[in-house]
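Asks: TrEMBL lists these features:
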ACT_SITE  ASP138  active site, nucleophile
BINDING   TYR193  substrate binding site
COMPBIAS  56-69  compositional bias 'Basic and acidic residues'
DOMAIN    230-334  domain 'Pseudouridine synthase I TruA alpha/beta'
REGION    44-69  region 'Disordered'
REGION    395-417  region 'Disordered'
Amino acid sequence: MFKTRPLLSALVNYRQLLETNGLKLLCTMSEEARDQETAKLLKRPNEVNEDSAESATKRIKAEGEHNEDDKRFPKKKVVLLLAYSGKGYYGMQRNPGNSQFRTIEDDLVTALVKSGCIPGNHGDDMRKMSFQRCARTDKGVSAAGQVVSLKLRLIEDIIEKINENLPPQIRVLGLKRVTQGFNSKNNCDARTYAYMLPTVAFSPKDYDTENIAAFRLAAETLQKVNQLFALYKGTHNFHNFTSQKAPSDPSARRYITEMSCGEPFVRNSYEFAVITVRGQSFMLHQIRKMIGLVIAVIRGFAKEEVMERSWGQEKVDVPKAPGLGLVLERVHFDRYNKRFGGDGLHERLEWDREEEAIKAFKEAHIYPTIVKTECEEGSMLSWMATLPSHDFEATVTGTQDNKDQKQENADEGNGSD
């Protein structure tokens, strides 16, 4: 009993001290601060949550609007035919979290949201609209016939409204309904690429490249070029035509159905030609290396037998032509067309009616960009100057292989197939 009295006395004194200090503190507070404190104490719980309630109301309202749009325009599985000039873009595929590296899909998704074809949250997660591209194109690579599959609201004047929200160098040229399980990548049987280049690339090694405007490709040279390209037809092991592929890797075997160079034509006083190649699928840099090796043979830096050797087990030094000029020309859905194209419910995935629009887009946006850039920057001439540094006779050494791999990594995404 006697021991607890001091303790109780101490507690009473401490309480009095707190009350006295608290009163002093309250007295020193400004009138405005006291009013704020009083308001906080008197505020009802529903007022405290007013801001969060308002946000929830807005969210519910937005969801309601989305639901209403979905009722008016139910989402359907479709494919879009796209054409674009790749200059200024870091490829086709979207890279979430890397907004500074703008891609074709970034602008496409933005246009789809603004036009009302997809809800805003679908733009953040493309899986919600079952989005799939047919072919990935890298930095600077253009396309005249890219196809993507996705689920859209089929609003009125849909193509016009999407294009209104796209920059001029990207255009939706066609739309078709497809089966619910359609996947543009998995259902694609083959891809056709075009490669536009100045014909001086096929000049002899002793030709004065300072006089590029005067060069004209001889008919017999063009014939030889096409004989070499024809060697690529069929199935070969292209492990030397990409990076980080072992000769034993089954995925290095690719099937080429067509490869040829067309008749030359003149643009801005320079002579150009277009190489066309069709295959089931292509690896990174494969097309550019296929073209680069033929150029090396035509110019006299390599013997023709190096092409056969490049498909063997040896590691061969294969030069890679510049990325400028590479265009995804069209994609093919032969098996899908055979199975569903005649069922009376679905259209064949062919674009005959859009051919004029495709041609007009290439003439307006793709070809002029390639020609202008080549004339101003001379990427082909710069690359041709590196051909003497390649050793086409010997197997690539470990040191050279490592050097080439570093170059591959440095050039990753710079306008490749």
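Quick reminder: no glycine exception, Cβ is built from N, Cα and C everywhere.
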Asks: How do the residues of the domain 'Pseudouridine synthase I TruA alpha/beta' (230-334) split into helix, strand and coil according to DSSP?
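Replies: Output for the domain 'Pseudouridine synthase I TruA alpha/beta' (230-334) reads 28 helix, 33 strand, 44 coil.
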Asks: For ASP138 (active site, nucleophile) and TYR193 (substrate binding site), what Cα-Cα distance in Å is obtained after rounding to a whole number?
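Replies: ASP138 (active site, nucleophile) to TYR193 (substrate binding site), Cα-Cα distance: 13 Å.
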Asks: Report, as a single number, how many Cβ atoms besides its own are within 10 Å of the Cβ of the residue listed as 'substrate binding site'.
Replies: 24
